[in-house]
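J.: The following feature annotations were taken from Swiss-Prot:
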type	residues	note
DOMAIN	618-658	domain 'EGF-like 3'
DISULFID	Cys622-Cys633	disulfide bond
CARBOHYD	Ser639	O-linked glycosylation site
DISULFID	Cys671-Cys694	disulfide bond
CARBOHYD	Thr761	O-linked glycosylation site
CARBOHYD	Thr793	O-linked glycosylation site
DISULFID	Cys918-Cys932	disulfide bond
CARBOHYD	Ser929	O-linked glycosylation site
MOD_RES	Asn966	(3R)-3-hydroxyasparagine
DISULFID	Cys994-Cys1005	disulfide bond
CARBOHYD	Ser1011	O-linked glycosylation site
DISULFID	Cys1017-Cys1028	disulfide bond
CARBOHYD	Ser1051	O-linked glycosylation site
DISULFID	Cys1056-Cys1069	disulfide bond
MOD_RES	Asn1129	(3R)-3-hydroxyasparagine
CARBOHYD	Ser1133	O-linked glycosylation site
CARBOHYD	Ser1216	O-linked glycosylation site
DISULFID	Cys1340-Cys1363	disulfide bond
DISULFID	Cys1350-Cys1375	disulfide bond
DISULFID	Cys1468-Cys1482	disulfide bond
CARBOHYD	Ser1479	O-linked glycosylation site
DISULFID	Cys1517-Cys1541	disulfide bond
DISULFID	Cys1657-Cys1672	disulfide bond
DISULFID	Cys1667-Cys1681	disulfide bond
CARBOHYD	Ser1678	O-linked glycosylation site
Amino acid sequence: MAGAWLRWGLLLWAGLLAWSAHGRVRRITYVVRPGPGLPAGALPLAGPPRTFNVALDARYSRSSTAASSRALAGPPAERTRRTSQPGGAALPGLRSPLPPEPARPGGPSRQLHSKAGAQTAVTRFAKHGRQVVRSQVQQDAQSAGGSRLQVQQKQQLQGINVCGGQCCHGWSKPPGSQRCTKPSCVPPCQNGGMCLRPQLCVCKPGSKGKACEITAAQDTMPPAFGGQNPGSSWAPLEQAAKHTSTKKADTLPRVSPVAQMTLTLKPKPSMGLSQQIHPQVAPLSSQNVMIRHGQTQEYLLKPKYFPAPKVVSAEQSTEGSFSLRYGQEQGTAPFQVSNHTGRIKVVFTPSICKVTCTKGNCQNSCQKGNTTTLISENGHAADTLTATNFRVVICHLPCMNGGQCSSRDKCQCPPNFTGKLCQIPVLGASMPKLYQHAQQQGKALGSHVIHSTHTLPLTMTSQQGVKVKFPPNIVNIHVKHPPEASVQIHQVSRIDSPGGQKVKEAQPGQSQVSYQGLPVQKTQTVHSTYSHQQLIPHVYPVAAKTQLGRCFQETIGSQCGKALPGLSKQEDCCGTVGTSWGFNKCQKCPKKQSYHGYTQMMECLQGYKRVNNTFCQDINECQLQGVCPNGECLNTMGSYRCSCKMGFGPDPTFSSCVPDPPVISEEKGPCYRLVSPGRHCMHPLSVHLTKQICCCSVGKAWGPHCEKCPLPGTAAFKEICPGGMGYTVSGVHRRRPIHQHIGKEAVYVKPKNTQPVAKSTHPPPLPAKEEPVEALTSSWEHGPRGAEPEVVTAPPEKEIPSLDQEKTRLEPGQPQLSPGVSTIHLHPQFPVVVEKTSPPVPVEVAPEASTSSASQVIAPTQVTEINECTVNPDICGAGHCINLPVRYTCICYEGYKFSEQLRKCVDIDECAQVRHLCSQGRCENTEGSFLCVCPAGFMASEEGTNCIDVDECLRPDMCRDGRCINTAGAFRCEYCDSGYRMSRRGYCEDIDECLKPSTCPEEQCVNTPGSYQCVPCTEGFRGWNGQCLDVDECLQPKVCTNGSCTNLEGSYMCSCHRGYSPTPDHRHCQDIDECQQGNLCMNGQCRNTDGSFRCTCGQGYQLSAAKDQCEDIDECEHHHLCSHGQCRNTEGSFQCVCNQGYRASVLGDHCEDINECLEDSSVCQGGDCINTAGSYDCTCPDGFQLNDNKGCQDINECAQPGLCGSHGECLNTQGSFHCVCEQGFSISADGRTCEDIDECVNNTVCDSHGFCDNTAGSFRCLCYQGFQAPQDGQGCVDVNECELLSGVCGEAFCENVEGSFLCVCADENQEYSPMTGQCRSRVTEDSGVDRQPREEKKECYYNLNDASLCDNVLAPNVTKQECCCTSGAGWGDNCEIFPCPVQGTAEFTEMCPRGKGLVPAGESSYDTGGENYKDADECLLFGEEICKNGYCLNTQPGYECYCKQGTYYDPVKLQCFDMDECQDPNSCIDGQCVNTEGSYNCFCTHPMVLDASEKRCVQPTESNEQIEETDVYQDLCWEHLSEEYVCSRPLVGKQTTYTECCCLYGEAWGMQCALCPMKDSDDYAQLCNIPVTGRRRPYGRDALVDFSEQYGPETDPYFIQDRFLNSFEELQAEECGILNGCENGRCVRVQEGYTCDCFDGYHLDMAKMTCVDVNECSELNNRMSLCKNAKCINTEGSYKCLCLPGYIPSDKPNYCTPLNSALNLDKESDLE
């Protein structure tokens, strides 16, 4: 997209924003009017929409003029009632600051015209100015009736726009309202215009004028300014109502504060539009307006002035101007373009806060203004238009690095940046005066101005309020205001759709910019580029703001490189130096674009991050680790800069330090534009280039060996192309200054050919010559033009320290620096001041620079420097601080001078020092500069030092068709040409001669500029009084026969009837031969008739309803055709399609049945065939099935799963099957399964030494102790322990007996001791000798049959009786175990005379044989080892181990193990049982479900979903009720009655959340038919603890109220009225009706009112074990115990004893 000139401007038509004396704030509406557009022929600007930055600058200033001082003492003027007068009228409540305007020579007939050429605006200014004078006179006349007016105000209107109790002039009340809110415009607004405020019409696009009476066709647009006329300039509009009288200057009243708002709209160029657009700046009014604010402070409003520059081309540049061209060679003609952006509205509210102190008491008070609106009109605008005290500038420059667009084409840069766009960093350079102009304009006399930024979307709405879909625009609103003031931005919206003009005579990427600034010697044309990257908004990926990741500085393809050390946030990385970011994997940082949605907010610029919706904060890049390697990082606004170490230099962007580059080779070679995937170089250029020029431009490879060029963005690319793509740096530019070291100093030596110059007395040209941003390096420029001027940083009289020797000779005329200061000469216009740390060195003054012939030597001194510049950075004010060995000095900015007394930079008052400055105007001194305020009709000179008259007559559009006479500050039109006359607006307008009927009585009159022409009328018209009237031919007879006639303008047309067509001239109708058309009378004959045709159809066809076709007759509509088939219609006939089993007859008109049994002998083989209508049936015998309806085949029953079971094999036979069972199984009675043979039915199978245990398909013999089963498993045989256990009797003789063995001693006087395993002498009981030491303590072992028996230690340090008389199986130390004697043997009786569980004690209630015994507390003695995973309870004698539900106690391993419930077939009937720890799960196969017992899988029936007969209304049941009585957790899967819900499941019922009674209340017992039981005892390990104080008695119930026991007599089942008559219980009558009293083992189901079985194994087994050493199995109404393996039932109920113990007891009983 080619660049373009853009002319844009807004006129701010505004009153004054002021605070009244009573503290109220008036509402003021500002309308931004457009200026003229471009002439016809200019094309609209294409491309994406532009973004505007809107800046509101509010400034409060104090008056310092003599006139304001005299105004304080003057008498108060009368209050004016006219608030609608722009430019001069004061607000209600404010005194008029303007004196009346004296009469001008020439009388009132003289017309004043604006500078911009907008005729309507000039008249309005003049009229308003006169109204102000008349208003003042009226006020003086009404002052006598002030008292009478005050009485009327009490009874009349109040509020806004009320003057003296009535609506102010220009305001009225809407119907039905008592507020003055309706403005009036006289004359009324035309062409759809809107009366915005009194006498101000807002016109629609295409119209303008005071009353919008001028349309676009009547408006004469001025030609575009540009390079065609160097002497022309775009002047501003003239201020209306010049008040130049000095008669009342001494009587001006006291003034109030005024807010000066400066609105700046800044369109940003888009990426696709390479252009530089420059607005123009026009002067403001020259008058000062003073308004009262309270009674203490006074402010003076000073309108700003900005020079209106000329626009010239490069060829037409003269002295005093120069041009800057982008991408275009010198000599190319400029191009022109205009812009149409539509109307823009800005809504804001100003406010000001102050502190009022009275007698030491201070209070804060804030006054807030009404909502203020600024609107642009008509969509066309000049660059800068002004109104009283307001200025609107449209700025198109994208100022970077914190710069602000001040006016026209100037960026106000911060001190450390310069250049056209503030894109060039600079260290220590003085700021040019014109760059400081905008900043210093914001500083009033002694006032302090602060900035605030608001970012808002630029919304777009049509006039009907419907949103227009355009890409989003974001507006940055910069508000410049004093600290006590603030501005709140509400809305920035575009009212109309944007438009523009296309670019002409330009190439893509080219644009030309011309400037006019201070005088320079010649025109300089340079090439410059700037990056748009900082202007594109960024939309970051959605990520957590606190998430950290790695930051990558290079991204090539999908590879990320140059990762910074440490972690950082995504917004800090992508907003500054990073190109990718991530932790585990990297992702590219998205580009800053925001055109995805209309209302989407744009992100902050590069280098900033968003704090909130309206504020962007600078990112401190120096906090990121790894930034500026080989250097020190210095943070700047929106960026950062690297100060490099010795041996390194900054890259072109000053963002990194690179090693000193080598000298670039000047060797030339071929440059290739393409490299194929196979590394073949293609498309060489016709000339040989250096590698730098090739790779930095269009080349992809270079040299005879096809060396690939480095990729852009890599370090290798930056080394060879430091200026970036498209830029090369010559070898002389790559050389760095010479480094010389003096101690810790690093001083840069100036080259020899650099010529020193004195300090320039005039400011440098603006803008300065710019180099590309990428090409800025620390280098020196050498060339045939000589060295560039050097900017010195200190006065010439200072001394320079030595660079290469101990003494330095000062040459006359050389620039000199202060001691301790040196200069890094990066560029002639960008010096950098660095501080030195070494002490001063001796300096020798040359003879030429000294009056004495002797050299003066300054001895070195050792001092401690205090760097005042670091301690107080603002010590110099408007200047740069330079630290010296003694104190400091200041290098002041232009417009300032150094004050030795104040030690700072003070402003130079140019107005006082320069005489005759600002002639024809008024000079106003500003901070660092001055301002010429020119009156209306004058403009600033090119130098900005004088006011010169604007010759409006030089404009070709002024006084067109007449004579223009220029006057001082104005112009007038006289002597109109022939055919023209003077209009009321003062212009010559054409006379329309055609308005007279007699001008052309028989011809058409055509008006021309200045004349007219009579033209004869064409055919079909006749002339009459200058107009051509149509002739109605339809009135003539015989016109349009066979049709109707329609008269047209100048002709007629025939509309023909059906069957006729018009002739080519549409003046006649002719017959149509329809038969020539091929689509008529198909299947028939066509005959044409007059205006129609006729069809004759053949057999089988009939005429259609439209009579134009022969249609087929559908015979199939008759239902009797084709029975047993389908009738298919054909052309002229039909056919029958018969069903399967039928066939068509010979004639084809019906279907006949096919006898398959006779015609097909292959059907029903092995069976009987029976013919049916349309088919046949086959009947097969048993054991056979039909195969594809062709024959009978055998059924393979063995294919059915589960047939013959898992212990049989199915054998298929013809028509049947047979089961062959395995050994140990026999076929069942139905012959379908194999059943197990119970061999244990024969009692003799295992003889008398064991018992039989049947197994699947076999059996086994479980032998008693001392017996074992043989290899064949038949019976039990004795075990010979003497052979099996070698040495079991030691020295004694082992004798085997049946089931056991005996140890016999050889000496008859000895007996075998099983405790010691030796034979000992027989002793009597009264011998007094202890059989064994009783007090010896060792370890007690259990389960000696375990392989790891050494680890089975019950307890250490116990006696043998404590071990063997309780639960121990062995006793000893270090796994040397002595087995405990078996219970029931003589050894056991000898050791434990009182049996198991009793051990000897000192004192005991058991006293037998003189020894005391006590109960052994096994739980205390052995701890957790005796009852693992369970609860141990000591008993007398013995102990009990209580296991958790679902587990059982193993007395051998002394541990609670999980019970496998799945071994019980009743645990999960017809389902799959899965055992779990302490329980089990029963899974059913779909669609089967668990029944209520959760032990059986059943088929779901509809009865489960139906409401049973005994149920009442069902609803939701809520399982939980919160403390706030909120129902939650509804019961899923079923609805319940109120009783069922409250008694079984939940806490509330129904959609109304009806609460259930408390479970311990009487209502709950009554509802659920249960007695009150109190608190239940807990289950588990604490079940046997005494809780008598906390709980009721064990037996339930413990209390029943009498009202629940009225009558519990038993009734018969038929009398009960309950379903099933209370089975398993008895029916009793209660007060509420009937209920069931269930038998033991059953409980009442309240839902079904039936007695259901109590599962004691699950409900009671958790309190204590119901079955000891057995498994609990629930039965109907009770339960049973099934002994575990190794246990047999005992005589105790629900108790199983070990098998060994039972056998021993049986032997003892047999012996007895």
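Keep in mind that glycine also has a Cβ here, set from the backbone N, Cα and C atoms.
So that I understand the layout, could you describe where these features sit and how close they are to other parts?
T.: For the domain 'EGF-like 3' (618-658), the model's average pLDDT works out to 84.
Long-range Cβ neighbours of Cys633 (disulfide bond) (same chain, at least 6 residues apart, Cβ-Cβ under 8 Å): Glu621, Cys622, Val627, Tyr640, Arg641, Cys642, Ser643. Mapped onto three states, the DSSP output places Cys633 (disulfide bond) in strand.
Counting every protein chain shown, the Cβ of Ser639 (O-linked glycosylation site) has 24 other Cβ atoms within 10 Å. Secondary structure at Ser639 (O-linked glycosylation site), taken from DSSP and collapsed to helix, strand or coil, is strand.
Taken residue by residue with DSSP, Cys694 (disulfide bond) is part of a helix.
Note on Cys932 (disulfide bond): other Cβ atoms within 10 Å of its Cβ, all shown chains, come to 26.
Ser929 (O-linked glycosylation site) has a Cβ environment of 21 other Cβ atoms inside 10 Å.
Taking a C-beta cut-off of under 8 Å and a sequence gap of six or more, Asn966 ((3R)-3-hydroxyasparagine) has these contacts in its own chain: Asp949, Asp951, Glu952, Cys953.
In the three-state DSSP scheme, Cys994 (disulfide bond) is classed as helix.
Look at Ser1011 (O-linked glycosylation site): DSSP puts it in a strand.
In three-state terms derived from DSSP, Cys1028 (disulfide bond) belongs to an extended strand segment. Cβ contacts within 10 Å of Cys1028 (disulfide bond), excluding its own Cβ and spanning all protein chains shown: 19.
Long-range Cβ proximity for Ser1051 (O-linked glycosylation site), meaning a same-chain Cβ under 8 A and a gap of 6 or more residues, is found for Gly1020, Glu1033.
Cβ neighbours within 10 Å of Cys1069 (disulfide bond), excluding its own Cβ and spanning all shown chains: 21.
Within the same chain, residues at least six positions away from Asn1129 ((3R)-3-hydroxyasparagine) with a Cβ under 8 Å of its Cβ are Asp1112, Asp1114, Glu1115, Cys1116.
In the three-state DSSP reading, Ser1133 (O-linked glycosylation site) counts as strand.
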J.: What kind of secondary structure is Cys1468 (disulfide bond) part of, going by DSSP in three states?
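T.: For Cys1468 (disulfide bond) - judged by DSSP and reduced to three states - the answer is coil.
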J.: Measuring Cα to Cα, how many Å separate Cys1056 (disulfide bond) from Cys1028 (disulfide bond)?
T.: 29
J.: Given the recorded positions Cys671, Ser929, Cys994, Cys1005, Cys1672, state which is nearest to Cys1517 (disulfide bond) when distance is taken between Cα atoms.
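T.: Out of the listed candidates, the nearest Cα belongs to Cys1672.
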J.: Counting only residues 6+ away in sequence within the same chain, which have a CB under 8 Å from the CB of Cys1363 (disulfide bond)?
T.: Lys1338, Cys1340, Tyr1341, Leu1354, Ala1355, Gly1370, Trp1371, Cys1380
J.: Please work out the number of neighbouring Cβ atoms within 10 Å of the Cβ of Cys918 (disulfide bond), leaving out its own Cβ.
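T.: I get 23 for this one.
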J.: Could you check what DSSP calls Cys1667 (disulfide bond) once collapsed to helix, strand or coil?
T.: coil
J.: Please report the three-state DSSP label of Ser1216 (O-linked glycosylation site).
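T.: In the DSSP reduction, Ser1216 (O-linked glycosylation site) maps to strand.
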J.: What is the total of other Cβ atoms whose distance to the Cβ of Ser1678 (O-linked glycosylation site) is within 10 Å?
T.: 12
J.: My understanding is the cutoff is Cβ-Cβ under 8 Å with a sequence separation of 6 or more in the same chain; which residues meet that for Cys671 (disulfide bond)?
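T.: Once residues fewer than 6 apart are set aside, Cys671 (disulfide bond) is near Pro684, Leu685, His688, Leu689, Ile693, Cys694, Val698, Gly699, Ala701, Trp702.
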J.: Do you know offhand how many angstrom separate Cys1667 (disulfide bond) and Cys1468 (disulfide bond) by C-alpha?
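T.: Cys1667 (disulfide bond) and Cys1468 (disulfide bond) have their Cα atoms 21 Å apart.
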J.: Between the Cα atoms of Ser1678 (O-linked glycosylation site) and Cys1482 (disulfide bond), find the distance and write it as a whole number of Å.
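T.: It is 23 Å, counting Cα to Cα.
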J.: What is the separation, in Å, between the Cα atoms of Cys1350 (disulfide bond) and Cys1482 (disulfide bond)?
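T.: Between the alpha carbons of Cys1350 (disulfide bond) and Cys1482 (disulfide bond) there are 41 Å.
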J.: For the disulfide-bonded residues Cys1340, Cys1667, which one has its C-beta crowded by the most other C-beta atoms within 10 angstroms?
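T.: Neighbour-count leader: Cys1340.
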J.: On the three-state reduction of DSSP, what should I expect for Cys622 (disulfide bond)?
T.: helix
J.: Where the distance is taken from Cα to Cα, which of the recorded positions Ser639, Cys994, Ser1011 turns out closest to Cys1672 (disulfide bond)?
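T.: Closest candidate to Cys1672 (disulfide bond), judged by Cα separation, is Ser639.
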J.: Distance between Cys994 (disulfide bond) and Ser1479 (O-linked glycosylation site) at the Cα atoms, whole Å?
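T.: About 113 Å separate the Cα atoms of these two residues.
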